[in-house]
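Record features, source TrEMBL:
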type	residues	note
COMPBIAS	1-13	compositional bias 'Polar residues'
COMPBIAS	344-357	compositional bias 'Basic residues'
REGION	1-27	region 'Disordered'
REGION	344-371	region 'Disordered'
TRANSMEM	39-62	transmembrane segment
TRANSMEM	68-89	transmembrane segment
TRANSMEM	96-114	transmembrane segment
TRANSMEM	120-143	transmembrane segment
TRANSMEM	150-169	transmembrane segment
TRANSMEM	189-210	transmembrane segment
TRANSMEM	239-260	transmembrane segment
TRANSMEM	272-288	transmembrane segment
TRANSMEM	295-318	transmembrane segment
TRANSMEM	324-343	transmembrane segment
Amino acid sequence: MTSTTNLETSTPAEVTDVPPVAPQRRGGRARVRRLAERYGLLGVLALVVVVFSVLPATGTIFASSANIQNLLGGQVVLVLVATAFTLPLVVGKLDLSTASIAGIASVATAASMSRADAPVVLAVAIGLVVGLALGAVNGYLIAVQKLDSIVVTLAMMTIIAGVVSWYTGGIAINTGIPEGFSGFGTQRWLGVPVIFYLMTVVVLAVLFVVEKTPWGRFVRMIGSNESAARLVGLPTERLTFSAFLFSGLIAGIAGVLLTVRTGGANPGDGPGYLLSGLAAVYIGATTIQPGRFNILGTVLGVFLVATTVTGLTLAGVAPFVQQLFNGGALLVAVILSQTLARARPRPRPRRQRRRGPVRLARASLPEGARR
């Protein structure tokens, strides 16, 4: 009995000898981890730039102002296509036809001027309307008719490829384009292509809509849990439809700027942005807002892919290595984004008395979403 008492009384003394873990240290580690998750990809981009700038095989050309200007101007279309990819993904849908919509919008813009002798303003409007119309078709079939987004957009991509091939005969449209229109793609301001500034304005507008407006918050709710969003009264069909409509408009703008940049339209240009655009979007989901598709992350992903591919090209790497990089980057980015999405802590709902599940869900919505 005595030994048992001694053992029990000695136990607290041993426990109190263990120093407690400092809360500040744990909080500091958590902050560092969050910063690494948010901005680690920016560090990777900086590292890629430094490596290709100092390598003997690439350093002289890679770090030149001409290469930097070409890098900025050359990614205008890809940034817009990737941004258009991002919008349906925010709402939880995948649109495989975005790059093809940009391609047919480019063909429509060029053909309006080349074959129909349309004024530049009308040709640009036609390109935008084509993008809007195809986005509306996708949105109707997916949001209203409840068809699978992958099946619908894969079919749309195939139909667009057939229409473009039939209309162009597989031949580029590069005659009859006004010089002022095609020359706009080569104009520079402060050494940077003017179309880069146009792209920046479009991206900032999309960023504002997605991150700072009720529409952006609502589509994120649908992407997180469509059933819960419908339960609290959000018009899920209308919001999903608008996301595809918005995506089609951005793809139309990308198609118009593709025509401006190349001075015409090539039947294969649009679909060529599919893999690199998706890779950039999924890479972007691992940064800024880890585990979520976001506009700034998408833009960062575009320039990471473009910078790496440019460096590999200057290093004399075979073209198939670039394809391997794009495919590998897409695979790794999908795995990372899914892992981060699962690891992201979800807020716990507060306990509220005498409230059913619908009222509890309504309480968590912004003021404008309540009825």
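Any Cβ shown, glycine's included, is placed from N, Cα and C.
No curator has checked TrEMBL annotations; they are predicted automatically.
Among the recorded stretches 96-114, 120-143, 150-169, 272-288, the one sharing the largest number of Cβ pairs closer than 8 Å with the transmembrane segment (39-62) is 272-288. Under 8 Å from some Cβ of the transmembrane segment (150-169) lie the Cβ atoms of residues 94-101, 103-104, 107, 111, 134, 137-138, 141-142, 265, 267, 270-271, all in the same chain and six or more residues away from its ends. Sequence-distant residue pairs (6 or more apart) of the transmembrane segment (189-210) and the transmembrane segment (68-89) include at least 3 whose Cβ atoms are under 8 Å, placing the two stretches in contact. The stretches the transmembrane segment (272-288) and the transmembrane segment (68-89) are in mutual contact, each linked to the other by at least three Cβ pairs under 8 Å (pairs 6 or more apart in sequence). Long-range contacts of the transmembrane segment (239-260) within the same chain, counting only residues at least 6 positions beyond its ends with a Cβ under 8 Å from a Cβ of the stretch, are 76-77, 80-81, 83-85, 87-88, 90-91, 93, 95, 98-99, 101-110, 124, 127-136, 138-140, 142-144, 177, 181-182, 184-185, 195, 198-199, 202, 206, 209, 215, 218-219, 222, 269-270.
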